[in-house]
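Asks: Let me begin by handing over the structure; questions about it come next.
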């Protein structure tokens, strides 16, 4: 291509100097909503002691995409990914290409957010060691050119250990490692009874949750 247009980030390899803008990135942190990731950007700025140049403020780099919000704090990108696997998938395509054009080596991608817990106390921090779909398959399924393709969903075990080692005994919450299930639907796909449609019972739901608990 003459240029690579990262349409949903409002960036392009021809219109922006992506190496100059993003070449120092080490961590790509993603979460659901624009406001949450703006808050995280301010939080991380204080945590790492990053100082903005005088007369400047944090800006949403992708504001004119009207789809995702992205903030850069030194080596950290804080980006909203919207809701659902398709939204995350579109973002990851363009973020991976962005890191390529910026000549970033081995960036660490982390998804941060809330999640329902099975068999753990509310407020527990769970570092995902294995990811599964709604059928408890350790893979990502998508249709490409009319065919179903499965790609392995493998997480970085060393990164999991490094993140777990950051927990301290005086944290006001417990930090554990565990399996995370991602579904395509918030309501029926996650066993909720309060959607517009529901063709299972409370008993069915609890049997399924017990199955998930036994699965880990």
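For all residues, glycine too, the Cβ spot is worked out from N, Cα and C.
A TrEMBL annotation is a machine prediction, not a hand-curated record.
When I checked TrEMBL for this same protein, it listed these features:
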type	residues	note
DOMAIN	26-203	domain 'Nucleoside phosphorylase'
BINDING	67, 111, 112, 113, 114	phosphate binding site
BINDING	190, 192	substrate binding site
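Let's see these features in context: how buried, what's close, how far.
Replies: Every protein chain considered, the tally of other Cβ atoms within 10 Å of the Cβ of residue 111 (phosphate binding site) stands at 17.
Listed in sequence order, 186, 198 are the same-chain residues at least 6 apart in sequence whose CB falls under 8 Å from the CB of residue 192 (substrate binding site).
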Asks: So among the binding-site residues 114, 190, who's got the most Cβ atoms within 10 Å?
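Replies: Comparing the binding-site residues 114, 190, the most crowded Cβ belongs to 190.
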Asks: How big is the gap, in Å, between the Cα of residue 190 (substrate binding site) and that of residue 113 (phosphate binding site), rounded to a whole number?
Replies: 16
Asks: Tell me the Cβ neighbour count for residue 112 (phosphate binding site), meaning other Cβ atoms within 10 Å of its Cβ, over all protein chains shown.
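Replies: Residue 112 (phosphate binding site) is surrounded by 12 other Cβ atoms within 10 Å.
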Asks: Are there any residues in the same chain, six or more apart in sequence, whose C-beta is under 8 angstroms from the C-beta of residue 67 (phosphate binding site), and if so which?
Replies: 8, 82
Asks: The domain 'Nucleoside phosphorylase' (26-203): mean pLDDT?
Replies: 95
